[in-house]
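Feature list (source: Swiss-Prot):
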BINDING   Asp321, Asp327, Glu330, Asp331  Mg(2+) binding site
DOMAIN    268-343  domain 'B5'
Amino acid sequence: MVTIVLNKYKLLDKIHIGQQKLEDLLFNLKSEVKPIDENNIEIEINADRLDLLSSDGIARAIKGLLEKELGEAKYNVTDTEYTLIVDNVRTRPYALAAVVYNAKIDLEELIQFQEKLHGTIGRKRKKVAIGIHDLRKVDSKTIEYKEVPLSYKFVPLYENKELTISEILEKTEQGKLYGNISIANGVSPAIVQDDGEVLSIPPIINSNKTRLDENTKDFFIDVTGTSFEAVAQTLDIIVSNLAEAGGTIGRVKVLKSANFSQLSSPLFLHKIQNVREEYVKKILGIKTSKEEICKHVMRMRMNCDIENGVIRVTVPQYRVDILNEIDVVEDIAMSIGYNNLEPSKYISTNYGSYDYMTLLERKIRELGIGAGYVEISNFVLIKDEKLFSNKYVKILNPVTDEYNAVRNSLIPGLLDFLSKNQHAKFPIRVFETGDVVVYDSSTDTGFRNDKRAAYAIMDNKVSYEDIQAPIHYILKSLGLEVNYKEENNNIFIEGRSASIFYENEKMGVIGEVNPDVLIRFGIEYPAVIAELYISEIAKRLTNQR
């Protein structure tokens, strides 16, 4: 949620309703009003509704709900003589600009709007930075966005003397906060007049030359950043809300010096989103029609048409939160009012049941016990020195070094158990089922959870065949006719180990433990171990069902 503070009387005057009605309508827009004092209110707004971060944006939305204005808001747009030349700025390559004439907006609210955009779509100015200037104080019709050396001088905002950019970085609060974002190789991005005078060094600070005051009604707006889409969306939102305050939007010609491309800014990015009537009915659980759907869309300040039975929603430039069909459905719900959406009566009797993986794990445990093995249970955390693979999850701040990693196999835990129970009566037959975390480059984190089962035998004399027979019995009891392919790894004796396959899919490993591994764990007797991949087994058995 994003919090803004507004003068309630100024806001209510724009929409001509009472405070309680305002609170009710804002609740429909997933916003909450809290009084601060006699004059001011605090409004919590969903972070995706950037169009509501000023009183004019809120007024536009509420006029739609009141049906005073329907569909996309239309604004006066004119061409200007202003040109923005975008040079090769390596740290923030994208820039757009616009002019707004005769916008009647409170200065304090405008600054708040700017900073809230910085904190949301701007990612604290790392992605997008906004410069708003008093157009009367801009001397040049041609503005250039380029890199300048840190020795460049200008008077920064709220200062009374020239400073170099280096001094601004060292001495000003803005320089300390944002200087590391865009400064590189001894240069800084800058918005510069054709006479060389700096208007701003985004994303750090504006020049005091174009400082806004209470009499400012004409604005020059520059938006720079690392994402062209975010830059364009931000500028569209700003000029739309300023135009809602009575302003006229002026287009600025933007020239890209690197490839001589040209465009007119702002872009007024629109998109068409098709909406299915049945989908709306299913999600909201209501009876409706295409015409009724369009009516609600229009109340949410978007255009809607029905073409050949298809509902086509035109998403305007200020609604950057609408990404796909479900977002339009959510807007329809807001228009209807969440309190007016009654749950349908649904009578059903359902019974809980075990997850298939739980049932499979239980079956494997029963088969292990039936084969003469005793079940043990180790911790999921383990000492990293006991693991055989170097691809594992390391605990950043472990309470003890004994548990500083997440196990990626059950085998180390079984070997550790055997090392501590060499005094017990032979043969020792134990098994464990449980979770491990294994490396997987296809996942977002690089790792995934896996379910496994492992079996071990330790005796004065034990061989591969002693473990292979019960494992084959367990897998056959599950309905899997597997085969074994010789495969060597550092855990087992070469030539006395294999991988277990079912239809070319690896289901586990089996073998006689390498003497070097036994010495590493302090085990004085031979041992054999098998590990089954329950997750893979479950996939195969599920396909057979």
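The backbone N, Cα and C atoms fix where each Cβ goes, and this holds for glycine too.
What you see is a predicted model, and the numbers here were worked out from it, not measured in a lab.
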> According to DSSP, does Asp321 (Mg(2+) binding site) fall in a helix, a strand, or coil?
Replying inline: coil
> Which residues, sitting 6 or more apart from Asp331 (Mg(2+) binding site) on the same chain, put a CB under 8 Å from its CB?
Replying inline: His296, Val297, Met300, Met302, Ile322
> Within 10 Å of the Cβ of Glu330 (Mg(2+) binding site), how many other Cβ atoms are there?
Replying inline: 16
> Which are the residues of the chain, Asp321, Asp327, Glu330, Asp331 excluded, whose CB is within 8 A of where the CB atoms of the Mg(2+) site average out, their centroid?
Replying inline: Asp48, Arg319, Ile322, Ile326, Val328, Val329, Met334
> For Asp321 (Mg(2+) binding site), which residues of its chain lie six or more apart in sequence with Cβ-Cβ distance below 8 Å?
Replying inline: Asn46, Asp48, Arg49, Leu50, Asp51, Asp327
>> Please give me the CB contact count at 10 A for Asp327 (Mg(2+) binding site), counting all chains in the structure.
In response: 16
> Along the domain 'B5' (268-343), what average pLDDT does this model show?
Replying inline: 93
> If you run through the domain 'B5' (268-343) with DSSP, how many residues end up as helix, strand and coil?
Replying inline: 33 helix, 16 strand, 27 coil
